[in-house]
């Protein structure tokens with residue numbers, strides 16, 4: 001999969017449409033106005049933006065934010081993101097309240113080389129998610145060169161991630177996309193062994209293809225989170241009131257059998273009547289009483305998983321081990337984050353992806369001790385299972 005990169009493109013004097021992933025959490029500032037709550041994804045796009053500006057291109061940034069349902073929503077405007085970006089790059093960042101159209105084209109054509117503009121939320125137009133040809137064409141009309149740097153949205157065939165590239169002569173990978181693909185290709189296609197994968201989260205159904213793929217590639221696949229209870233139930237364990245995908249029991253059984261011993265499941269659990277901060281939490285081994293639900297992996301499982309991770313040469317993690325945003329049920333996820341960092345310190349190549357996992361890394365102070373922190377959740381899973389990413393497939397072959 002060799003695609004054009006920024007190194008292959010002369011952007012001087014060119015209008016460069018950069019699809020970034022500025023789908024960031026918003027907060028409220030002291031004066032009541034919206035502001036950026038976490039700028040990790042914005043910072044991740046800076047190398048590409050800086051390259052275009054430093055090489056005399058006009059940077060035209062497009063992104064989605066949230067789920068406005070194909071119509072304008074003032075609460076999901078990117079205006080405050082433009083302000084935040086300006087402080088990061090120490091440049092004026094223009095903002096357009098429109099995404100496409102004659103007015104936007106006129107503003108862009110009047111921009112000087114080395115300047116930047118952020119256009120309004122692409123999802124304010126229903127044509128974005130529908131990958132509408134008219135909307136994709138309107139985006140293409142704004143630029144001479146297209147660059148996709150939004151790995152977090154690369155698994156979606158939307159107008160700004162895939163459709164627009166069909167109407168551009170030059171469509172290239174951004175720096176972030178290059179880094180993501182390089183790191184994840186190493187994990188998927190040429191991992192050093194032993195390889196350990198850790199998957200958590202709530203649903204088996206969200207990760208079917210990834211579980212299948214990793215159970216073939218990895219030496220050990222450690223399962224946590226609510227989806228572990230679906231597996232435990234099909235193996236005959238009592239899981240109490242734990243969340244189970246009843247319509248996926250047969251699928252989970254097939255996956256477990258096909259994995260031929262690769263999958264490891266929790267042996268003890270932190271349980272309570274509800275996932276609440278003031279709930280009475282306790283640890284049970286084996287079966288879970290009927291009135292209780294499993295909400296985190298227990299200490300014995302933490303020790304076992306940590307040992308596996310520390311023995312790995314390659315380790316990849318996606319998904320929390322429990323309801324980590326509630327303190328009594330955060331220990332398992334925090335322990336995995338710390339074990340990942342320790343394994344990296346010992347020489348392992350580590351990859352962490354998915355919003356919850358990355359958030360846990362940050363909370364534990366381990367985010368700078370990981371080989372590669374991915375900006376993708378769904379895109380990471382799609383890539384690891386070997387499925388094509390529309391946002392990459394649409395780009396110009398090198």
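Just so you know, glycine gets a Cβ as well, placed from its N, Cα and C.
Among 92, 94, 156, only 156 appears in Swiss-Prot as part of the substrate site alongside 21, 22, 23, 41, 64, 65, 66, 67, 123.
When other Cβ atoms within 10 Å of the Cβ of residue 357 (ATP binding site) are tallied across all protein chains shown, the result is 28. Counted over every protein chain shown, other Cβ atoms within 10 Å are most numerous around 207 among the binding-site residues 207, 355, 356. It is 15 Å from the Cα atom of residue 356 (ATP binding site) to that of residue 23 (substrate binding site). When the record's ATP-binding residues 207, 294, 325, 354, 355, 356, 357 are compared pairwise by CA position, the greatest distance found is 22 Å.
Shown are the binding-site residues 66, 294, 354; the one with the most C-beta atoms within 10 angstroms of its own C-beta is 294. Pairwise Cα distances among 21, 22, 23, 41, 64, 65, 66, 67, 123, 156, the recorded substrate-binding residues, top out at 18 Å. Checked against residue 294 (ATP binding site), the binding-site residues 64, 66, 123 differ in C-alpha distance, with 66 being the nearest.
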